[in-house]
There are 2 protein chains.
Amino acid sequence: MESLKQRILKDGVIIDGNILKVDSFLNHQIDPRLAFDIGKEFYNRFKNARVDKILTVETSGIAFAVCTGYNFNVPVVFAKKYNGLNMSPEVYRSKIRSYTKQTDYIISVSKEYLSSNENILIIDDFLANGQAVLGLIDIANQAKCNITGVGIVIEKGFQQGGQILRNLGIRLESLAVIESFNNNKIIFRED
Amino acid sequence: MESLKQRILKDGVIIDGNILKVDSFLNHQIDPRLAFDIGKEFYNRFKNARVDKILTVETSGIAFAVCTGYNFNVPVVFAKKYNGLNMSPEVYRSKIRSYTKQTDYIISVSKEYLSSNENILIIDDFLANGQAVLGLIDIANQAKCNITGVGIVIEKGFQQGGQILRNLGIRLESLAVIESFNNNKIIFRED
């Protein structure tokens with residue numbers, strides 16, 4: 001998505017040579033017109049597939065999931081994160097490893113909001129090692145849903161998440177794939 | 001907002017006679033078309049005021065803040081919640097009392113994303129005792145912003161938050177105000 005890549009080049013900040021900060025327009029501060037364009041782009045990429053519901057995880061995936069759901073006119077469900085021990089039988093749960101924080105956390109979705117055979121499009125802002133998306137896939141599988149695909153705003157192509165998902169046979173559409181950081185310059189993977 | 005009230009009557013669930021659950025269309029699962037209509041309604045109510053930025057707090061305010069920001073074409077900033085002791089000098093912080101959970105938590109906004117004299121419209125999904133909105137006002141005041149007003153999707157009119165804000169002279173627009181629950185029936189305040 002060319003306009004997204006241009007925005008990343010313009011407003012993204014590289015920290016310590018290998019961390020991309022997009023806080024000024026994607027998370028923490030959000031440009032809502034860009035979020036809407038992102039939703040429309042996911043719609044265009046997946047519109048010929050079956051999409052009954054959008055699934056994301058709080059917090060920073062929500063804006064893009066809602067804008068995507070708006071275009072498909074389907075409900076958006078966001079998994080909740082917590083560290084606690086809520087063992088309610090009413091929810092699907094999955095444990096996720098956070099490599100950046102070196103901790104585990106749990107995500108959960110109420111069983112009411114995922115039904116068997118629903119076609120689920122998973123949306124998230126970032127894909128790095130893929131743990132959050134794998135947790136969402138785990139939950140969708142517990143609910144016996146079909147995974148239509150995964151839409152990611154920014155994929156870190158030098159981490160393993162994208163390869164893991166493709167190896168699982170899952171259709172992955174990433175709007176911008178960062179191949180590497182070269183002398184504080186962002187190199188995108190060619191489409 | 002008549003369509004919102006009708007949706008609350010149709011899909012809202014009253015628990016224990018005094019808790020309104022709107023998880024199926026406002027939080028956890030979101031109806032994105034309704035979220036956009038809500039954003040448009042906030043725009044219509046505040047369009048003659050000055051709005052440079054939308055401010056909300058994670059998680060369930062984000063969808064409505066983004067839809068409102070889309071209509072105003074201004075950035076959306078969401079405050080982050082945490083329990084920890086991040087004492088970074090780079091953020092504005094405010095402590096919030098959660099009466100439901102009987103704990104305190106901190107919300108923070110990076111100083112980069114609020115500038116003095118910016119006109120801020122605060123958006124949130126629920127207003128009950130007003131603690132979260134007061135925390136956002138506190139942060140906006142620290143940044144020397146002007147508070148244009150507060151837009152709330154559902155106000156619990158029988159709790160004190162609305163009165164506290166009006167007593168502070170703040171313009172409050174609530175799209176649905178619940179006056180009471182009467183024998184498991186929702187009574188809205190007249191507009």
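Here the Cβ of each residue, glycine as well, is placed from N, Cα and C on the backbone.
Curation plays no part in TrEMBL annotations; they are all automatic predictions.
What TrEMBL records for this protein:
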- B:L20, B:N27, B:K156: xanthine binding site (BINDING)
- B:33-156: domain 'Phosphoribosyltransferase' (DOMAIN)
- B:A128, B:N129, B:G130, B:Q131, B:A132: 5-phospho-alpha-D-ribose 1-diphosphate binding site (BINDING)
Legend entry - Sparsest Cβ surroundings (other CB atoms within 10 Å) among the binding-site residues B:L20, B:A128, B:A132: B:L20
Inset, instruction - Express the predicted model's confidence over the domain 'Phosphoribosyltransferase' (B:33-156) as a mean pLDDT, rounded to an integer. - result: 94
Inset, instruction - In whole Å, could you give the widest CA to CA gap in the xanthine site formed by B:L20, B:N27, B:K156? - result: 16
Inset, instruction - Note down the number of other Cβ atoms within 10 Å of the Cβ of B:N129 (5-phospho-alpha-D-ribose 1-diphosphate binding site), including every protein chain shown. - result: 17
Inset, instruction - Would you mind reading off the Cα separation of B:L20 (xanthine binding site) from B:Q131 (5-phospho-alpha-D-ribose 1-diphosphate binding site), to the nearest angstrom? - result: 18
Inset, instruction - Ten-angstrom check, please: count other Cβ atoms within 10 Å of the Cβ of B:K156 (xanthine binding site), all chains counted. - result: 23
Legend entry - Cβ atoms near B:G130 (5-phospho-alpha-D-ribose 1-diphosphate binding site) (within 10 Å, other residues, all chains): 23
Inset, instruction - With H, G and I counted as helix, E and B as strand and the rest as coil, say where DSSP puts B:Q131 (5-phospho-alpha-D-ribose 1-diphosphate binding site). - result: helix
Legend entry - In the chain carrying B:Q131 (5-phospho-alpha-D-ribose 1-diphosphate binding site), residues 6 or more apart in sequence that have Cβ under 8 angstroms from it: B:I96, B:R97, B:S98, B:Y99, B:G161
